[in-house]
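S.K.: Here you go, one structure.
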Amino acid sequence: MAQISLTFPDGSTREFDAGVTAGDVAASISTSLRKKAISATVGGAHYDLAWPIHADATIAIHTMQDEEQANELVRHDLAHIMARAVQEIWPETKVTIGPVIKDGWYYDFDRAEAFSPEDLGLIEKKMKEIINKRDPVRTEVWDRARAIAHYEANDEPYKVELINAIPGDEPLRMYWHGDWQDLCRGPHLQHTGQVPGDAFKLMSIAGAYWRGDSDRAMLQRIYGVAFTGKEKLKAHLTMLEEAAKRDHRKLGREMDLFHMQEEAPGQVFWHPNGWSIYTTLQDYMRRKQRAAGYQEVNTPQVVDRKLWEASGHWDKYQEHMFIVEVDEDHAREKAVNALKPMNCPCHVQIFNQGLKSYRDLPLRMAEFGSCNRYEPSGALHGIMRVRGFTQDDGHTFCREDQIEAECAAFITYLSSVYQDLGFEKFEIMFATRPEKRVGSEESWDHVEAALENAIKATGHPYTLDEGEGAFYGPKLDFKLTDAIGREWQCGTFQVDPNLPERLDATYIGQDGAKHRPYMLHRACLGSFERFIGILIENSAGKLPFWLAPRQVVVASIISDADDYVLEVVEKLQAAGVRAEADVRNEKINYKVREHSVGKVPVILAVGAREVEEKTVTLRRLGEKKTSVETLDAVTQALGREATPPDLL
C-alpha cells in the first residue's frame, strides 16, 4: 500500500498507509490521546476523526482543550441535534440550513405553525434526550442522484435545491446520528454524548427569508449558544444580561440622544444631546488628524456612474448603492448617478488635479465623508448598523518605500485616539496575500514586510490572518475590546495599488518619468454612528466627562437659591463646561434620580447654606457620597475635566 508522510506540530514526521484516518493517527500516538481526540486539522483544513488522509500533509490532533475547534464541533453538532429534535416533535417540519455562528448556531425551518418561546423549552428537553442517547455519528459519501432521490422521497425540497447548487465535482457527504440524517460538509464529533448537555441554551426565534431573498419563503430561525462547559455558558449569559443593560438604543432613549423612524430606515435623527457627542468627537478627530499631517477635504454626495464604473464599484458593489436618475435638461437618456458608498474614488480625483511630484509624497487626505449604503431592513440595528453614516476616512498617496513609516505613524495615531476614548486594549489582525491575487510576488513581499515591520516598531502584538488580504494588497484590522469583553472591529489600514491604476493616478518620480502611487486607505473610528454606539455601550452611558453632552446640572434645593444656580451655571459655562440649571419646583432627590437616569456626570445641589457660603454640594454619577466645594475650586476642576485630552 502507498505510504504518506504526516508532519506534526513539533516538526516531526511519520509514515502512514494512504487512507489512514485522523483517529487512527491519534491512536498510534497513545491510547489516551485517542480517547480525548475530537478532530484534526489536516493541511490547514478541519476534519473529523473518520476522514481518510490520502496525501502528505501537516496534521494536528485536537481535544476539548483546543477551544476554537471544540466550540466549532459542539455548535455544529448542536445544530444537527436541534434539527433532529424539532423533526421528532413536529415531523411535518422541513429543514434547510444550520451554520455555526459566533458563540453558537442557528437553524432555519419551514413549518406551518409559528414556534413559540415555550417551544424552545420543549426542544431543549428533546435535545438533551438525544445527547444522553450517545448515538454514534457516521458519515457516507453519496452521488448526486442518490442524494436527490433521498430528499425528494422525504419531501425535503430545500435540501434538493442545495444539492443542485453544489458544484458537480464536489462530493456529497451525509451525516447520521440515530436514524436522523443531514447533508453536511462536517466535521462532527463521534457521538452525540460528546456534546456537553449543560453548556447550551436556545435563545430566540426570528424570521428569515430562504436564501436571504424576500421573494422566497419566509422561514423560522432558531438561535442557540453553546460552549465547552457550563461555566463558560454561565459567563456568556451574564455578559448578555449586562449587554442588554448597556444597549445603546435603550440608553439613547434615556439620555435623549437620537431616534430612528420608519420614514427614514437606517438614518439617524440626532437630538441635541446626541449631536453634542457627535460634534465634540468630530472636533477632536479633526484636531488629531491635522496634528498627524492630514489635509481635510470634502467631496460630492452624488456622483455619476461613470466614476463608479471606472473604479470598479459599479460591477462589484452596485447592489449596495442608492441609484439616482436625473433628467438633465430633458436629455434623451437620464443621467444615472449614485449616492457615494465610499470616499476613495473621489479622493483620487483630488489627487489627479494638477501634476504631482515625488516631493509631494506622502500626500495625506482626510474627510468626514458622508456615505450611504443599502443594508437590508432586517440587518439594521440602532445607530450601529445604518444606511447613512459618516466615516473618519483618510487616504495617503505615497511611494512603496514610504509605506512602512506611514503605517507605523497611523498605528501610533490610532493608539492615542483609542486611549483618549477609554479603550486601553486593541488587537491587530494582519491579513496577508490571498490565493487569488494580482501583482508580483516581489511587490507582495515588500509591502507585507513593510506592514509587519511597522507593527513591530510600535510594539503592538498582532495575529496573522493568512490569506485574508484583498486581491490587490494586505491590510490591518484593529479590534477593540470593550468593558464586558466584546470585540469590535473599527480601525483599518489597507494598502491599495489597484485604485490608482484604475483611475490613472500618477506622480513624476526623481527620474522624470510617471509612476503610480500606492494608496493607503485608513480609518480609526470606522463610522461616527457605530463608534458612538460602541462608546455608549462600553461606558454604559457614563461617557468620558469631556464627551458627555450634559456635563453638569446645577439643581436648586429651595427656590431662594434660583438666582445663585444661574450664577453657578454662567460661571461654569464661561469655563467651557456644558452646564444646565434645574430650578423646577421638585424635591432634590427627584432631580438627582432623573438626571442620574440621563447619565449626567455631575450634579451640583444648591440650597440656603451654599448660597450663603458661595459653595456647591457635588455628587458624581454612580456615587452616593457628596462633597461641599467652593464655587471657584469646582469651576476650575470641572473646566479642566471638560477639556478634550488632546488640548490638555
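Cβ coordinates are placed from backbone N, Cα and C, and glycine is handled just like the others.
Quick caveat, the model's predicted, so the values are computed rather than measured.
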S.K.: If Swiss-Prot says CYS344, HIS395 bind Zn(2+), which of HIS188, HIS191, HIS521 does it name for the same site?
M.R.: HIS521
S.K.: So what sits near HIS521 (Zn(2+) binding site) in its own chain, CB-to-CB under 8 Å and at least six residues off in sequence?
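M.R.: Expected: CYS344, ASP393, GLY394, HIS395, THR492, PHE493, GLN494, ASP496.
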S.K.: Using a 10 Å cut-off, grab the number of neighbouring Cβ atoms around the Cβ of HIS395 (Zn(2+) binding site), all chains included.
M.R.: 26
S.K.: Can you break down the domain 'TGS' (1-63) into helix, strand and coil residue counts using DSSP?
M.R.: 14 helix, 27 strand, 22 coil
S.K.: Same chain, not part of CYS344, HIS395, HIS521: whose C-beta falls within 8 angstroms of the C-beta centre of the Zn(2+) site? Give them in sequence order.
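M.R.: For the Zn(2+) site the neighbour list reads MET342, ASN343, HIS347, ASP393, GLY394, GLN494, ASP496, LEU499, MET519, LEU520, ARG522.
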